[in-house]
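Single-structure report; data block below.
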Amino acid sequence: MNKRMNELVALLNRYATEYYTSDNPSVSDSEYDRLYRELVELETAYPEQVLADSPTHRVGGKVLDGFEKYSHQYPLYSLQDAFSREELDAFDARVRKEVAHPTYICELKIDGLSISLTYEKGILVAGVTRGDGSIGENITENLKRVKDIPLTLPEELDITVRGECYMPRASFDQVNQVRQENGEPEFANPRNAAAGTLRQLDTAVVAKRNLATFLYQEASPSTRDSQEKGLKYLEQLGFVVNPKRILAENIDEIWNFIQEVGQERENLPYDIDGVVIKVNDLVSQEELGFTVKAPKWAVAYKFPAEEKEAQLLSVDWTVGRTGVVTPTANLTPVQLAGTTVSRATLHNVDYIAEKDIRKDDTVIVYKAGDIIPAVLRVVESKRVSEEKLDIPTNCPSCNSDLLHFEDEVALRCINPRCPAQIMEGLIHFASRDAMNITGLGPSIVEKLFAANLVKDVADIYRLQEEDFLLLEGVKEKSAAKLYQAIQASKENSAEKLLFGLGIRHVGSKASQLLLQYFHSIENLSQADSEEVASIESLGGVIAKSLQTYFAAEGSEILLRELKETGVNLDYKGQTVVADAALSGLTVVLTGKLERLKRSEAKSKLESLGAKVTGSVSKKTDLVVVGADAGSKLQKAQELGIQVRDEAWLESL
């Protein structure tokens, strides 16, 4: 039986690849169904012999308890946005300062969910959401139900690939029809539907909803020398790669492609929200490098957002965690990009003055980045009142005087005891990108704050289970989960805590870079500003902000209290040792190592202060080679780069 099951699995997986990836099936649907039913019958009779890559795994049946956190071996960066031809020209100019004659590759920006797929010896072992770029959620069982994701590869590879998981428009219509018939609320758009589907705990639901993918990158170090060759390699491995792409030599060619795609956009079977432009050559990508948040070798052009008219009814003013007071417009409801919009940001007081927005105005509303509703401009021909908006002079939360600094566009409350700032700071501290305390969302934080149970972030770690039971709507099971989530967050690596403290200009990526260098928040608090500013990708603004924060009254007390409650202040990732043997050097690993695993070699190099990259360029300082090193060794020799072997690395 085992032999026949092997034959059926191999056949069915090949036929599935022909159907979903190549769009060139060699057998009829009825023949595929016949073989599939035969396999199901055999697996039912011999369950102990079911193969890991059997296509029957794509059918639901598992109900998951939840999704575990998963640390990405290769971080997922966001992309810099561009909204005009001028911004693309500026991107091109920046690239040409480093790369004389770049070739670009243009790909469609799929409006879906970013995923990372990891294979070991050719078998899918992990499917993970993007999350914050460093930590995502393990949704492997759900992604196994996406029919065009290969469960096994034709080669026994260790590889991590990235792509977008989306819901085709036809599937979206079918899903919403079923929900309507069942009296359930319909999804606003295919992206929301895909996101909701991938977070289903019942994998049978995922299997029914016909999600699809486009893969676009090999995340693990690639032996290909260009993005285009990388995409073709992904196709060879059985992944679906979007065929709508071009190579371009200049922005004129890119702009023509963007216009062409814009005209075809509505006729595509899936949603897109732009075009991604990348430098095609991978060595050039290495030379250009990254900012704290995004690669310097890529940009995402976003199509102009849909616009609608709405009437301004009133304005609410709210205080954020940094004291900035933001105006939000209350509007007559309009349908915009698949959702009903009745509130939109007015950004700040300078924006209101610049756009001359007045009471009862008719305004144009759009979604900035296709996400955040915002007021774009006034329809002056429909103005009914000359009365200007009321601009507050006092904080809506604490009634302190508001300040409007010359170098800022917003009103600001500088009262450190402002209740709104404290509460927003607590919400930020517990959020996913910060301490990631599951269940401790805005509503619970607001109740805790109102009950005077928390007044700063250290108080969160003094809470007991019974404290949550004092809150309306919180039962014993929820209280236990909240308490457990808080205790678990104490073990987070310190970059999560640093970001959670809400220090101005210090985002999640900067927090990680800082802790990699200084190893602990205590070390960072004592660091010299010049040393902070010298760290690559950071600078004087962040250094000054950190100095101001740690010098402020109460910061030392807060850190001491956090430490006393058991919160970890040390970095748990791979640190950078300032005086290590390879400190500051860019190193490439190539060839087959005899004694060390590649991951072990990479970790050792990083522990010695090196930055390990996948391609040899003029910025490479050292190449460590094993057997069959190939083109990377040749490139290193051509550039006169120092070459070392495995024995040398072991001796360090």
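Yeah, the Cβs are placed from backbone N, Cα and C, and that goes for glycine too.
Annotated in Swiss-Prot:
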type	residues	note
BINDING	D29, S30, E31, Y32, D33, S78, L79, E107, R130, E164, K278, K302	NAD(+) binding site
ACT_SITE	K109	active site, N6-AMP-lysine intermediate
BINDING	C395, C398, C413, C418	Zn(2+) binding site
DOMAIN	577-652	domain 'BRCT'
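Features per Swiss-Prot, on structure.
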residue : record                                  : Cβ contacts under 8 Å, 6 or more apart
E31     : NAD(+) binding site                     : none
L79     : NAD(+) binding site                     : V276, A294, P295, A298, V299, A300
K109    : active site, N6-AMP-lysine intermediate : I272, D273, G274, V275, V276, A300, Y301, K302
R130    : NAD(+) binding site                     : L76, L113, S114, I115, S116, G136
K278    : NAD(+) binding site                     : Y104, I105, E107, Q227, Q285, W297, A298
C395    : Zn(2+) binding site                     : V319, V325, D401, L402, C413, N415, C418, A420
C398    : Zn(2+) binding site                     : C413, N415, R417, C418, P419, A420
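Summary: among the binding-site residues (C413, C418), the fewest other C-beta atoms within 10 A of the C-beta are counted at C418.
According to its DSSP assignment, E31 (NAD(+) binding site) is helical. Mean model confidence of the domain 'BRCT' (577-652) amounts to 80 (pLDDT, 0 to 100 scale). Break the domain 'BRCT' (577-652) down by DSSP state and the numbers are 25 helix, 18 strand, 33 coil.
The record gives C395, C398, C413, C418 for Zn(2+). Within 8 Å of the mean position of their Cβ atoms, the other Cβ atoms in that chain belong to V319, G323, P396, S397, N399, S400, L402, N415, P419, A420, Q421.
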